[in-house]
Each structure stands twice: as C-alpha cells, then as structure tokens.
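The block underneath contains the structure these notes are about, expressed in structure tokens.
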Amino acid sequence: MEANPAGSGAGGGGSSGIGGEDGVHFQSYPFDFLEFLNHQRFEPMELYGEHAKAVAALPCAPGPPPQPPPQPPPPQYDYPPQSTFKPKAEVPSSSSSSSSSSSSSSSSSSSSSSSSSQAKKPDPPLPPAFGAPPPPLFDAAFPTPQWGIVDLSGHQHLFGNLKRGGPASGPGVTPGLGAPAGAPGPLPAPSQTPPGPPAAAACDPTKDDKGYFRRLKYLMERRFPCGVCQKSFKQSSHLVQHMLVHSGERPYECGVCGRTYNHVSSLIRHRRCHKDVPPAAGGPPQPGPHLPPLGLPAPAASAATAAAPSTVSSGPPATPVAPAPSADGSAAPAGVGVPPPATGGGDGPFACPLCWKVFKKPSHLHQHQIIHTGEKPFSCSVCSKSFNRRESLKRHVKTHSADLLRLPCGICGKAFRDASYLLKHQAAHAGAGAGGPRPVYPCDLCGKSYSAPQSLLRHKAAHAPPAAAAEAPKDGAASAPQPPPTFPPGPYLLPPDPPTTDSEKAAAAAAAVVYGAVPVPLLGAHPLLLGGAGTSGAGGSGASVPGKTFCCGICGRGFGRRETLKRHERIHTGEKPHQCPVCGKRFRESFHLSKHHVVHTRERPYKCELCGKVFGYPQSLTRHRQVHRLQLPCALAGAAGLPSTQGTPGACGPGASGTSAGPTDGLSYACSDCGEHFPDLFHVMSHKEVHMAEKPYGCDACGKTFGFIENLMWHKLVHQAAPERLLPPAPGGLQPPDGSSGTDAASVLDNGLAGEVGAAVAALAGVSGGEDAGGAAVAGAGGGASSGPERFSCATCGQSFKHFLGLVTHKYVHLVRRTLGCGLCGQSFAGAYDLLLHRRSHRQKRGFRCPVCGKRFWEAALLMRHQRCHTEQRPYRCGVCGRGFLRSWYLRQHRVVHTGERAFKCGVCAKRFAQSSSLAEHRRLHAVARPQRCSACGKTFRYRSNLLEHQRLHLGERAYRCEHCGKGFFYLSSVLRHQRAHEPPRPELRCPACLKAFKDPGYFRKHLAAHQGGRPFRCSSCGEGFANTYGLKKHRLAHKAENLGGPGAGAGTLAGKDA
C-alpha cells in the first residue's frame, strides 16, 4: 500500500491519509508518527459560519495570494499494514541531496507536474468569504526534508498570534488567512528564526474601529449557559448534550445487551466490550450448575461444562480453573483461575464467572477477582494493615503523614485534606446564598424530596412495580413451581468447621438461637446463608432481581447502583476501610465512623424542644420524641388537665369497639387558644410556643406554674400516690361491666379505650388489658403494706421504683416490640444485630487481657489505650510547655491555651470561641425561642424562672446568704462556691505507687489494698472479692441472670427484682 504524498486522501485498500476522508487507523499502522508527518501534506483548515466571516473581515487581510511554484515529486514509500515504517528508496545525505535534486528537477519537472496534477484530488469549494483557492502548506524556499526532524517554532508562532488577537504570521503565511504558502517540505530548524510579517500588515487590537476583534472574542466566549446548574458552553450542541444529565434521559442504547447511556461516547466505549461478539451472546453468561447446600461436597463438573469457555471472546478462550476435588471427594474452594495473558489479537473480553463483569485484559480480571477471594496482597509498612488494591494502600499511607495539611472550616471547625471538599462543605453552610436556593425535586407519590433529578428518577423506579409482576400470565401458569435458583461456580464463604470444644459449642448454640429467631422472609433473599438453594417464594433467584441492575455474585442480592454493590461486597470480604484515629476501631461505612466520633467528643447537639434532654444521635432524638407523641385517652387527659383527644362522637362511650383500626383513626389534638388541630401531642406542644408569653399552666395541687403543658403533665403525675389515682371515677356514659368497681383500671381501659391507644396507656399506667396481668401492677405498686418506703413495681419485668414518675418513664421501654430473646438471661431485643451485641456480655473470655490489672477487652486498640493508664504514657505532647496527653483530641484543645486564638465566630452576636463544639453549643441558644423578656435591660430568657432570678440583679435582692459569714448572693451556685472557703482544708493523701491523690481516707485505703493484691470489693451474695468496682458490677450481672431463670428462661418469665 502506498500513501499519496499530495494528501489527496486515498492510499489504497480502503484506508486513507490524514488529509483524506476516513483518516489513518494508527492501531493498524505501527510506524513512526513523526516520520509520517514529514512526508505528508495536510489540507488547510477551513472556517465556516461566523468564525470565517470574522477572520475574513480583519483589516489586515490583503488580496489573493501569489501562485505557488511547481512542486518537485517527492519519493514514494510503502506502508505495510503490520510492519514498521521503511522508505522505498534510501534518502541521500544533505550534501548530495541538494546537487541531485537540482540536476534532476529540470528533467523531471514536466512529467512529475503532469502526473501529480492527474493524481491530485480536486480541492473542495471554499466559502464566499475567502474568494480564492487555498495555497499550499509549505514554502519552496525551505530546505529539503531532513529525516525525523520536526520543528514546532512556526506552529507556535502561528497560533501564538491568534491567541493574542493578532494576525497569523510566519514563513510563507498569507496575512489575514492564517495558512502558510509554499511547496511541501519540513519546517525550518530551531536555529532559524522565521521572518515576521511586514509592518504594514500588522494588526493593532487597540485600533479596533469596526469591532472585529470584539466580535471574534464574543464568538470564543461561552454563550450557552445551563439554566439548572449555571454551567456554560461554547456551542449549543454541547448544551443540549449536557441537559441529558439533568433530565435523566438515556437515548443511546446498546443493541447487544440493552444498556442505555446519555452520551454517545459512553456507548462507543461500552461497545468495545462486545467486540467480535454476536448479539445472541452479548448478555450475561448462563448460570452454572446448581450449588449444593453449604457444607456438602460439590458435584463434579461434566466434561461438556468443563470444556465450555467462560468468556465470549473469539480469541483464545479464558477458561477458569475448575476446583479440583480433594481426596475425600469434596471440592476444594480454590480461587478462580486467571487466564494467561493473551498474545496476538486476543484482547478480550474476559468475563468473571462470579459476577459476570467483563474486562478487556486478563490483568484487569485478575485484579477484580481479588474482591471475591478476599485476598489482600498490599500491606502498610507502618501499621500492617492490608488492602486489596494498590490505590487503597496509597490513600491509606497519606494518613500516617505527620505534616498532613488539613484545612479547617471557619464555621463548624471540621477539617478537610482537599480544598475542593472544603469549598463544597462551605457551600452547604451557605444554603440560600448568593446563588439562590437549591432546586428541590419532590416525588409525586410519597412527597420525598431530592436535590438532584437523577436521585428522583432512581427513587421513582422503586415505586414502579416489576415488569414480571405487572404482566402476570392469565392461564394459571403462575401457580407452577419455580425452579430453584442457580449460581455460577466459584469460591464462596463456607461455614466454619463443626465445633469441638465446649466454648465453640456454646457459641454455636448462641448463633442458632439468633438465626432461629429471625423470620424466614428476612433470610429468604440469601439462599446461600440458609444452607441450601432457597425457596422460590421467600428469596427468589439470586441471579436476576427485578428492577435491580447490579447483583452480588456471592449472595445474589440486587442493587440499583454500582456504588451500593461495592459497599455491600465489603460484608463478604470483611473489609473495613474507615478507621477511627483516636481508638483505632474500624467501620465499613464512613457514616458509621462519623457517628462513632460522638463517643470521643461527648458532644450532644440534638436537644428535645419539650423536655430539654440532649442526645448525641438524631435517631435517639427521634425515638425519644415518640414519648411525647403518645396520644392519651379522654380518661387520662381529663385527669392530667390536658386537651382531650378529639374524635368521633361516642369514641369513648360504651359502644366503642375494642378492635379499632389504629390510634390515628379520627383522633386529633386541638389548640385551646386558636382551635387549630394537630395529629398528636408533640405537634400541639410545639405550636403552643407561639401563644406563650408567660407560664399560663398552673398546678391545682401546689400552685406551681409551667410554660409547657407537657411539663405540667409530668408534674401532676408526681402528686399521684398510686397508678389507680390516675383513673378518675367513670362518667355516666362509661360504666364498667360485670358490676365491677369504677376504680378497676383494667376494666375501664378494656371498655373505654380502643385499639393500640388503650394498650399503650395501659402499659404506661402499669396495668394490662388482658386477663393474665389483671391488677397486678396496681397491687404491686400501691397496694400492700411494707416496712420501707412505698415503691412502684413494673408488672412486666418486676423492676421497682421509688417514684411513680420513674415507673411511667420505664414503661416506654416495653412499648417497643422486642421479638428476639436471649437464651441465657431472657432479655429481649428488637433486632438481630442488637442481640448479637448482647451475646458478647455472656462470653467468659475476651481476646485481649491487660497483664497489670487483668481487665479484658474486645479489641487490641482498646487494650493499648488502656495500658497507658498503668504506664503513665503520654504519646501526645505539647511543643510549647511539654505537657503530655493520652488523646490527640486533648492536645488540640490544649493548644488553644497558648495561642489564645478564637477562630470560631458566631454569625448572630459576633461572639468568638476557641472550640467548634463551644460555638455549636452557643448557636443552639439562638435557635431556641426566648419569649420571656426583661423590661429593665431587654434581655430575653426561655423560662420565667430564669427571668425572675435575673430580675433580682435589678432589684438588688440577695436571696441566698452564707450560714457562716452571712454574706448574700444572687444565685445559689455562688453561695455554694463561697461556702467551700469556710471548710477546713483536708490533708492530701497521695499514693506512693501511682501518685494518685485522694481526699477521703476510706477511698485511699481501698486504693492501697488494690496495689497490694487485695480485693476490697466483696459481693454481698457469695462473698467473692474483686480489686475494683468494675469487676464487682460484672459479677453481679451473673447473679442477676441466675435469678431471672437461667439459660432456659424466656422473655416472659422474668422475675421481679428491685433496681
């Protein structure tokens, strides 16, 4: 095949040069690209539309260019398809080339010009703005071609002037057009300085009388902005392509596997996986033979199955190595064999036999199969942590860097390693800033909102029914039994060996209790965990899940996103990439690590608006709010002085049914001030803050006033002596049946309440609606004479309390449905994970024991942190004063003492703080409503009691006086702090062993006995001694488990015991 030096395009064989129509396929021509450029001619770039008009109208554009001189014929070369580039004839040296070319040019000029004119392809028509045919690319005055030398100085000079707004200039460049003129030949050497343009033809951008350069600059700007994300583009077609991201439309579909894409380039890249594959074989490979139950030997593969290739490539087949059967007949779960590197044209695709992912190279397949085998070949040299990918190891090594730069947020103090993450984080603080509020995309079905349209589309797919369920057969074929699910052969997580020792048997029995209590539909989607192929009704096939694109190759669970599948695979591989820098504990998810940080910071940013209780997690606050949202019936609401539950007439009458649909059917709370209705008590309490200016709710018994109805409710319960006093005599329309007394709480609740509301209030009041409990709680709480103070006992677990308010608060624990019970102590839990965590408390041994005090820990990181208490090790030291700390968090807090910096500023009152936690705590003060205002100074308070205490400063009243000197104080805390000065100084008792100081001689004697090997803490039941209170508390739990019924006791056989 010969290339056309004139650049006409055709080169034979269906392939062309760069200047042709199709372009050279460089994957099929592995010759030197620079050598190819020296002997090819390129057509000048043509400008169309607005750009051509703007360039042609430049004031420095002269008339038509001069005619080029005749061109000498260059030598012809062969370009074999699969060989390196070699010239057809040897190129002479520079000394001989000039003489030979000059002597032969006169003899062959006529013939070469005629032949080249016959072989040259006619030039395409130019736009009217140019008005002349394009000139040749190179100048004939340039020297003859030099082998393998390419100079870019002329190219840089040409495009450098275009960027500066001036004309295209250079050797042989026609002014105003930007195309060089001359015969073909290489560019000048770097030592040769190309001559510049004439002074008359120079363009001055400052003398832009007609606005040509402004017009050209306008055309180069991005004038097509996106109305959703404000991103701009130069061309309208790019904007149209970008809008597919927001609309979620995927118009480009693969004809082999049916996957859709929003960009044509993504579809082109995807089609490489289906190279040389017929459409019938483009789908996922067929699942392998049926898997036997876990623990049983796998059947030997047939000859046909073993010979079938696992890839769909037309090249050398990449057959995975089948697991060889062992001596006892069981198949060894060996790793999946990796095909050898393909030589020649076999560049894939290679399919994974477990998850059906397709890869182009066998090395990529081998790297992917590490996920299934659980192998981690890359380990850290500092902490010995291992990873399955080299990129993960590089990312982890950066965490050990001492001088790692962290950029703190000026608002909340959170630090980031990347400036881009910090900018995104600060944009979240800005909210509705300069860019306006963020767009919200709500769901029309459930009302849930999302910040991105793609998330809304994925959410709507969950509402849509599966296609298989929508198109059910009408001929009764659906009732036919479904075949058991099949899975591809490969390494799976097999169960451990049968237990041999007593401890292993006990652990296996505990696991059987946990998984035996889990409902079958929960584990039906994981047939491999059940030890068999699974049932068709419970779990279905793991090979394909309706509506799920990405399926797990180990358990068959389907997911809608690839990222979710990757996070799920960590459950099988055991990878925990997120580590706490304080205690070393690891987590699979990053949000688990964020929740864990609250343990070290002890920050409780979530506060209940009604009772003021604070929590560290939003889930805890949500569960706590259910206490305030409990809907009270008419009987208890009238006793507590609360707004009664409004419902249909006769809802609390004798005709009310005991099987109501639920607590929210026809029930609502009404505001007594404005009459607005709310679904539960929590919302009406929040609404009451609008009407509150003082404390309008007073107690009839003691006259104490409250600003919240909920606080009045809890206060009135304190005045009740027994639970039966909460239930007043039944009204005329509510007579107890069977002639029982009106104070029988169980009868009143059975007939006057409906459904779950009555059951919940009955549990709160300590009674039960059934016949098994009767009035046991009432008798145990208030009835019966006892020698000590009156205590209130729980009828469910037998725990007793000194105050009735404590019993009411405790009753909420039993309102949560707990279906999983511990076989050792009988304690019940709502989830299997909570039960697994509880099982740890019954283990006799822990893996890591302290050699000094004998304390055991679950993890090595906890033991290492504990041993610092014995060695007085302080690994984190201050560089200013040299003080050591046990935690790095303590050192960061201590550094503020030396710097005095207060980097965290409140945006409301401009008050500054040294710690981010202090600023977060201060901001919550601005968020809380403060309706109580001082008339003297204008200071506001949340409660009226705080306002009255503050007004003493203006009145000069000192209500608190010291008993010793009679000095008066405004606040109680001030007088308590003052009275410490009158107390005699106590001698300091310091331990000679650990230098710990004590003020109480009793504690000091017990501490010395612990150093001497004594056990001063004795159990009152069995007399066993312990060195510390921690061991004694753990020992008492064992006695409590024995008293509750032992291992065979269930959740309903708990014996009563005082708290």
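Positions of Cβ are set from backbone N, Cα and C atoms, glycine also.
Going by Swiss-Prot, these are the annotated features:
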{"type": "COMPBIAS", "residues": "8-21", "note": "compositional bias 'Gly residues'"}
{"type": "COMPBIAS", "residues": "61-78", "note": "compositional bias 'Pro residues'"}
{"type": "COMPBIAS", "residues": "93-119", "note": "compositional bias 'Low complexity'"}
{"type": "COMPBIAS", "residues": "124-137", "note": "compositional bias 'Pro residues'"}
{"type": "COMPBIAS", "residues": "183-198", "note": "compositional bias 'Pro residues'"}
{"type": "ZN_FING", "residues": "224-246", "note": "zinc finger"}
{"type": "COMPBIAS", "residues": "281-296", "note": "compositional bias 'Pro residues'"}
{"type": "COMPBIAS", "residues": "297-316", "note": "compositional bias 'Low complexity'"}
{"type": "COMPBIAS", "residues": "324-337", "note": "compositional bias 'Low complexity'"}
{"type": "ZN_FING", "residues": "350-372", "note": "zinc finger"}
{"type": "ZN_FING", "residues": "407-429", "note": "zinc finger"}
{"type": "ZN_FING", "residues": "441-463", "note": "zinc finger"}
{"type": "COMPBIAS", "residues": "463-480", "note": "compositional bias 'Low complexity'"}
{"type": "COMPBIAS", "residues": "481-499", "note": "compositional bias 'Pro residues'"}
{"type": "ZN_FING", "residues": "550-572", "note": "zinc finger"}
{"type": "ZN_FING", "residues": "578-600", "note": "zinc finger"}
{"type": "ZN_FING", "residues": "606-628", "note": "zinc finger"}
{"type": "ZN_FING", "residues": "669-691", "note": "zinc finger"}
{"type": "CROSSLNK", "residues": "K802", "note": "SUMO2 cross-link"}
{"type": "ZN_FING", "residues": "820-842", "note": "zinc finger"}
{"type": "ZN_FING", "residues": "876-898", "note": "zinc finger"}
{"type": "ZN_FING", "residues": "960-982", "note": "zinc finger"}
{"type": "ZN_FING", "residues": "989-1011", "note": "zinc finger"}
{"type": "CROSSLNK", "residues": "K1040", "note": "SUMO2 cross-link"}
DSSP three-state assignment (helix, strand or coil) for K1040 (SUMO2 cross-link): helix
Contacting positions for the zinc finger (876-898) when only residues 6+ beyond its ends and CB under 8 Å are counted: 581-582, 600-601, 865, 868-869, 914-915
Positions whose Cβ lies under 8 angstroms from the zinc finger (441-463), at least six residues beyond its ends: 245-248, 547, 560-561
Candidates 224-246, 407-429, 550-572; stretch with most C-beta pairs under 8 Å toward the zinc finger (350-372): 550-572
Integer Cα-Cα distance in angstrom, K802 (SUMO2 cross-link) to K1040 (SUMO2 cross-link): 20
Structural state census, the zinc finger (876-898) (DSSP three-state): 11 helix, 4 strand, 8 coil
DSSP helix/strand/coil residue counts for the zinc finger (441-463): 11 helix, 4 strand, 8 coil
Helix, strand and coil totals (DSSP H, G, I; E, B; other) for the zinc finger (224-246): 11 helix, 4 strand, 8 coil
CB contacts for K1040 (SUMO2 cross-link) [other CB atoms within 10 A, all chains]: 12
Counts by DSSP class (helix H/G/I, strand E/B, coil) across the zinc finger (550-572): 11 helix, 4 strand, 8 coil
